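Residues or ranges marked as compositional bias 'Basic and acidic residues' by Swiss-Prot: 1-10, 40-64. Per Swiss-Prot, the feature region 'Disordered' maps to 1-120. The compositional bias 'Low complexity' annotation in Swiss-Prot covers 11-20, 72-102. Positions annotated as compositional bias 'Basic residues' by Swiss-Prot: 29-39. Annotation source Swiss-Prot lists Zn(2+) binding site at C202, H205, C273.
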Amino acid sequence: MAQETTRDGSDSPSGSVSPPIANGTNNKKDKKSSKKRAHSSGERRSSVSKPARDPSDKPEESPSKKKKRKTTSSTAAAAVPSTITEEVSPSTSVTRSPSPVIDFDGLSRPSRGTRERLEETEAQKQERLDKMKGAVRTLLECIGEDPDREGLLATPERYAKAMLFLTKGYQENVRDIVNGAIFQEGHNEMVIVKDIEVFSMCEHHLVPFTGKMHIGYIPSNAVIGISKLPRIAELFARRLQIQERLTKEVANAIMEILKPQGVAVVMESSHLCMVMRGVQKTTSSTITSCVLGCFESREKTRLEFLSLIGVNR
């Protein structure tokens, strides 16, 4: 009788079947068969019992994808240092936090030059003021005015002091403004402070833009004193700004300070650089927004906020 050589090298009679290599394939088939039987027998899947999801929300990720993303993010975080050292002068360096808007000592960014204003002596303050007065006097002369005439004698000093006031947000401390006014209330519904008057200076032409800001957030149990939201808005407005960045900085600061589920900021303003010069469109307004967290991922939540502040009516 003819013989065949089996996988292990031994001879076996022709026509006989070699024993299976492993039973892994059979086990998989058995599992699939049991799943089909369970489905056909009317057994409920666990996903059916879950509450209905808003179709506009982002789909939930499977546990394996979440685990993979968590591993990736932790690896990326390990590659980024927790603090960043930035050279301020040849003799000193400042260790900066990874925050996009708040520096290591609570000052809001950019704060490299303005930290000097916070720490300077009275003599240094007067020296700064005198330097600014001289610059304003030069501007008056360059436009053809007489800085020594009666109406302009005190203008250089007035303008210098006004400019220091309008940019005082650089040297204000976020921690001092919040002053510990964060309370664990177990509240998880939307909080909105709307129609906050905002005055800022366009960094391109050094003329004002004014308008209203609406701030909303959904807490993660902790709430902030409602007066702190307008104060945070003013802190970032009292500097040279553009509206897009101002909107984003306010949202990022609240997100960092409070760690809520999400933050939404909408601002509508009129820019004098577009009203008094350039295209000279007096009735135009500019609207900007920044949505973070659940306001970004859930359309239903975002639309509720816009409806409550009256934007989409």
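Heads up, the Cβ atoms here are built off N, Cα and C, so glycines get one too.
Overlay of Swiss-Prot annotations on the structure.
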residue: C202; record: Zn(2+) binding site; Cβ neighbours (10 Å): 17
residue: H205; record: Zn(2+) binding site; Cβ neighbours (10 Å): 15
residue: C273; record: Zn(2+) binding site; Cβ neighbours (10 Å): 16
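Compute the center of the Cβ atoms of C202, H205, C273, which mark the site for Zn(2+); besides them, the chain residues with Cβ within 8 Å of that center are M201, E203, H204, L206, V207, F209, H271, L272, M274, R277.
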